[in-house]
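**Student:** The region 'Disordered' annotation in TrEMBL covers B:1-24. Look at TrEMBL and you will find B:35-542 tagged as domain 'Cytochrome oxidase subunit I profile'. What TrEMBL lists as transmembrane segment is B:52-72, B:92-117, B:179-203, B:277-296, B:303-324, B:336-360, B:442-464, B:484-505, B:599-616, B:669-690, B:740-759, B:820-842 (among others).
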Amino acid sequence: MVNWLWMTGGLVVWATHFSGLYALSSLADVVTRADDFGWRIAGLAFSIACAIACAALLVLAMRRRRAGGPSFSSDIAALTAGMGGIAVVWQTLPTLVGH
Amino acid sequence: MTSETGFDADRYKRFPTRGPRPDGELEELERIWCKPKGWQWISAINNNYVGVYYVGAAMLFFVLAGLLAVLMRTQLALPMQGILAQETYNQFFTVHGTMMMFLFAVPAVEALGVLLLPQMLGARDLPFPRLSAYAFWAYLIGGLAFFCSLFFGLAPNGGWFMYPPLTSMTYSPGINADFWLVGIGFIEISAIAGAIEIIVGVLRNRAPGMSLDKMPMFAWAMLIFAVMIIIAFPSVILATTLMELERALDWPFFDPVRGGDPMLWQHLFWFFGHPEVYIIFLPAAGATSTIIPAIARTPLVGYRLVVMAMMATGFISFGVWAHHMFATGMPTISTSYFSAASMAVSVPAGVQVFAWIATLAAGKMRFNTPGLFAVGGLVTFVMGGLTGVMVAMVPFDWQAHDSYFIVAHLHYVLIGGMVFPFFAAIYYWLPMTSSRPLSERMGKWVFWLMFTGVHITFLPMHLTGLMGMPRRVYTYLPDRGWELPNLISTAGAVLTAIAVLLWIIDMARNFRPFGNREAGNVFDGPGLEWLPTGLYSVRSVPVITSLYPLWEQKGLSRDVEAGRYFLPNSATGRRETIVTSTLNAEPQYLQRMPVPSPWPIWAAVFTAAAFLLLTIQAYWPSLIAGVLGIYCVFNWCWTLDRPVDQLTADIGAGIRVPTYRAGPSSHGWWAMVLTLVVGGMVLSLAAFSYVFLWSRNPGEWTPPPPLASLPWILAPYAAAALLSWGACRILRLARPRSGLIATVLLVGASGLVGLGWVLEWEAWRGIGTDPTAHAQGAMVYAFLAWQGFFAFIATVMGLYASLRWVAGLIAPDRPTTYDLIALFVVYTAGQGAFAALLVHLFPGG
Ligand code: HEM
C-alpha cells in the first residue's frame, strides 16, 4: 500500500486539491458567495500548499532515483508528481484570473 | 531488487529446468481442465469459455443497440417523417444510449479482460472463476430483459442519464423508468463483481517475475479500469436506489417542494457518468498500447509515461463530473474549476496519443486490419478530443449544450476511443481463441466502410448542432437548413451498418471457438497470451524477465510447452494457480481453483428474477426469488474453503509453497475488502448527499433525536466489532471448543448489528420522523435502509457460519470463512456507527 501511495503521490495531492477547492467554493456559497475574496484567498493558500507538496514529491523521487532506489516506482512517482504539479497550477488560475 | 516476501529471486535461475518431464503430466492437466460436455457448456467457468460468451453477449448488445440507431437515423433522414412515433423515438434513444454505455461498452472491455488476462499474465485462470460466471449470466439475463422491455412499450424513455423531475412519478408514472433504475442497478452489480475479479487477478495472479515494470499495458489499463469501477459505480447504485425509493415510497430526495433537489441526481449520476467515459476508454487505450507495438514491431515508446498517463486519467476523471452541468447555474468559480480540470484531462490523453504516434514512427507499421482499426481509432479519438476541449470552455458549452454538436462529440470520443480499438482487439486477438483468424481482405472492407461511415454520420452533426438542432427530437421542420446534413448522417449510418454486417458474416465464416487448435501468433505479438495454450492456459508458467517476453526471452515458447517452468503438472491433482506478490510477483502460495458448478448460474437467474419481479411490483414472487438466490449462493460457497490434504506443494524445480493462506495476504481477503470499499463508497456518497441536501435548505431541517440515545446505538455496534475480532482470535487458538465459541461469537455479533439498527430506527420513529414529509427524513431512512440491508446480510452470514460449524467445516487451520464474515460484520458495525454519528450530530439541534 505504501508503495502504491508513493507512486501515485502527486495524483493524490491533485485529487485532494480539486476536492478541496470544490468543497471550499461550495461552503463559501452556503456562507456568503462562492467567489468571495476571503474564501478565494483561502483557496489560494490551499493551492500553494498542494503545489509545494507536488514539488516536494518530485524532488524526493528524483533524489531516490539518483540514490539508486527502485527505479520504476521512483520514475512513476516523479512523473505523477510532475503531472500533479502542472494540474494544480492550472486549476489555481480560476482563483486568480477574472475577478 | 530487494525481495518483497522473502522469496530468493536466485531460485528463478533453476528455470528452465533441464531433462525430459515425466509422462502423463499434460494428460493430467487436460483431464483436470477438461472440456465441458453437453449441458455442461452452460456451467463452464473457465475464462476460455466465459470470456468468449461475455464478448459475444457484448457484441450482441452492440448490434441490437446499433439496429436502434439505424432506425432512429432513418426517422431523421428527412423532416417530418412518421416512421417512429415520438414516444417510440424517446424509448429508442434511451435504450440505444443505455445499452451502448451499460450493456456494450463497459461489459465488452470487462469481457476482454476476462478472456485475455489469465493468458497474458501467465495464470491458469482469474482467481474467482465462479464470480466471473455469475457476473456474465447476471449481465446476460438482465440485459436481455432490459432490451425486451421495448417490445412491450415498457422501455425507459427519459434519456440515458434519466434526469428528474422528468423521471419522477409525476412525469413518468409508468414502470418504464423503473426498468432503467432496477435493471441498471442490477447490471452494475455484475460489473462490480467483474472488477473485483480483475483487480485481484492482475495484482495477485501474475507469472513469477512479472514485476510492475514488466506488466503488459493492457493489464495496467484493466487494473486502473477496475479500480475506477469500484469507486465510480457505487454512485450509480446509490442514485438509482434513491430514485427508486422516491418513486416507490414517495421519499422526496429530488423533489424541491419537500427539501429535495434534482441537482443531487445530476451530481451523483455524473460522479459515476464521467469516469464511466474513461472507464470505457482506458482498457481500449490499453489494448491500443498493446496492439500498436506489435503491429509496428517495436517496443512502446514511453512505457512509464503511458502508465503515469493512465493513472492520471483515472484520478482526474473523478474531478470533472460537473462539466456536464455547466448549464445548471452553479457558481461561476466552481464552474471555472471544473472547466480547468476538464482541460487538464487532455494532458494525460495527449501523452498516450503521442506515445502511440511515436511508436508508429519508430517502428515499421503494418497496415493490416488491427493496425488500421488502431490508427483509425486514434484519428477519430483525437477529433473527438478536440471538440471535447471546445465544450470544456463554458461559454462555448452554453451554446452547444443539448444540441447535435454534443451528439457528434460523444460519438467521436466513444467510437474513436472504444469501438475502433475494440474491433482492433477482436481482429488482433481472435486467432488466440479461434482455429482461424478473420479474413484480412474482408477486414479491410469492414474497416474502411466503418471508418468512412462513422465520419459521414457524425462529422455533419457538428454542423447540424451549430445550426441549432437540439438533440433528442424525433423529427424537425423543413427549411431550417438541417435536411442535407441529416440526410448525409443517415447515409453514413447505413454504411456503418453494412460494415457491421460484413463483420458478422466474417465472424460466422471463420470463428471456430473452443477448438483444440488455435490459429497461432499470426501478428508476431510479444505477450504471453501468444504462447501455445490449452484449457489449462499455459502448459507451464514461465519466469518473466522482460516486458516483451516472446520477443526477448529466447526459446520461451518451446520451454513453456515442454513444461520447463512453474507448475508443469498439477501439483495437488486439482485445479490450481500460483498466487504471487503485488509488486514483484514473487510466488506466495498455491490457490486451489473451483470446479465448474451450476450454482453461480442459478444464483444469477434468481437474483435477476428478484430484480425484474421487483420492477413489475410482484413483491412476493420477488422475495421468493431472492430467497432462492441466497440458497444458490450458499451452495456455491459451500464447496469452497475445504480441507487440503497437502500443506505445501512443489510448484516446480523443488520450490515448495503453501496450499492454503488466510488473512490479509489471501485472495479471499482482498475480494472482501474490495467489496467493502464498494459499500464504503456508497456510504460516503450518501453522506455527501445528506450534507448537500442540507446545504440547499438549512433552515428547514429539524433537530435529531436527543443525544442521550446515541451511546445506546453505538454500544451494540462497538460490541459487534469486538465479538467478531474475538471470534477470529479464538478460532485460531485451536482449543477443543474454539469452533463452537467462535461460531457463537460471530452469530452474536451479527445479532448485535441488527440490534444497533433497531435502536437507531426506534430513535427516529420516536421523534415522529416521516420519510415522505421532507428530504431530511428521507435521507435518514435511506441510511437506515442501507444499514438494514447490510445487517440482513450479516445475519444470513451468521446463519451460514452456524451451518458450516454444524457440518464440521470449521477448523482452526482453515479460518478464511470466519475471517471474511468477521470482516463484513466489523465493516457493517462501522458503517452503522458512522451513519448514526452523522445524522445525530450534523447539523445538530
Ligand atoms: C455508428 C453507430 C451509431 C449511430 C448511427 C448512433 C446514432 C445515435 C442517435 C441517432 C442517437 C440519438 C440522438 C438524439 O436523438 O439525441 C444516439 C444517441 C446516443 N448514442 Fe449513438 N449511435 C451510434 C453508436 C454509438 C455508440 C458506439 C455509443 C457508445 C458506445 C453510442 C452512445 C450513444 C449515447 C450515450 C447517446 C445519447 C442517448 C441519450 O440522449 O440519452 N452510440 N446515437
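Using N, Cα and C of the backbone, Cβ positions are placed for all residues, glycine too.
Values in this document were obtained by computation on a predicted structure and should not be read as measured data.
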**Student:** Which sequence-distant residues neighbour the transmembrane segment (B:179-203)? Criterion: at least 6 residues beyond either end, Cβ under 8 Å.
**Tutor:** 94, 98, 102-103, 106-107, 110, 113-114, 117-118, 121, 123, 126-128, 131-132, 134-136, 138-139, 142-143, 145-146, 149, 154-156, 158, 162, 167, 215, 219, 222-223, 225-227, 229-230, 233, 236-237, 240-241, 243-244, 247, 582, 607-608, 611-612, 614-615, 667, 670-671, 674-675, 678
**Student:** Could you tell me whether the transmembrane segment (B:277-296) and the transmembrane segment (B:336-360) are in contact, taking contact to mean 3+ Cβ pairs under 8 Å with a sequence separation of 6 or more?
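**Tutor:** Touching, yes - the transmembrane segment (B:336-360) and the transmembrane segment (B:277-296) meet the threshold of 3 or more Cβ pairs under 8 Å.
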**Student:** At a threshold of under 8 Å on Cβ distances, which of B:277-296, B:442-464, B:484-505, B:740-759, B:820-842 pairs most often with the transmembrane segment (B:303-324)?
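**Tutor:** By Cβ pairs under 8 Å, B:277-296 leads among B:277-296, B:442-464, B:484-505, B:740-759, B:820-842.
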**Student:** Which sequence positions outside the transmembrane segment (B:442-464), separated from its termini by at least 6 residues, show Cβ-Cβ distances below 8 Å to it?
**Tutor:** 73, 368-369, 372-373, 376, 380, 387, 404-405, 407-409, 411-412, 415, 420, 423, 427, 482, 484-486, 488-500, 502-503, 505-506
**Student:** Does the transmembrane segment (B:669-690) reach the transmembrane segment (B:820-842) with at least 3 CB pairs under 8 A, where each pair is 6 or more residues apart?
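**Tutor:** Stretch pair touches.
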**Student:** How about the transmembrane segment (B:52-72) with the transmembrane segment (B:599-616) - do they touch, taking at least 3 C-beta pairs under 8 Å (6 or more apart in sequence) as contact?
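**Tutor:** No, the stretches stay apart by this measure.
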**Student:** Count the residues of the region 'Disordered' (B:1-24) that DSSP assigns to helix (H, G, I), to strand (E, B) and to coil, and report the three numbers in that order.
**Tutor:** 6 helix, 0 strand, 18 coil
**Student:** I need to check the long-range neighbours of the transmembrane segment (B:92-117): which residues 6 or more away from its ends have a CB within less than 8 Å of a CB in the stretch?
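**Tutor:** Here the qualifying positions are 47-48, 50-52, 54-55, 57-59, 61-62, 64-65, 68-69, 71-72, 84, 123, 126, 132, 135-136, 139, 143, 146-147, 149-150, 155-160, 180, 184, 187-188, 190-191, 194-195, 197-198, 201-202, 218-219, 222, 225-226, 229, 276, 279-280, 283-284, 287, 414, 418, 422, 425, 429, 432-433, 472, 529.
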**Student:** Looking only at the domain 'Cytochrome oxidase subunit I profile' (B:35-542), report the model's average pLDDT.
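**Tutor:** The answer is 93, the mean pLDDT of the model over that range.
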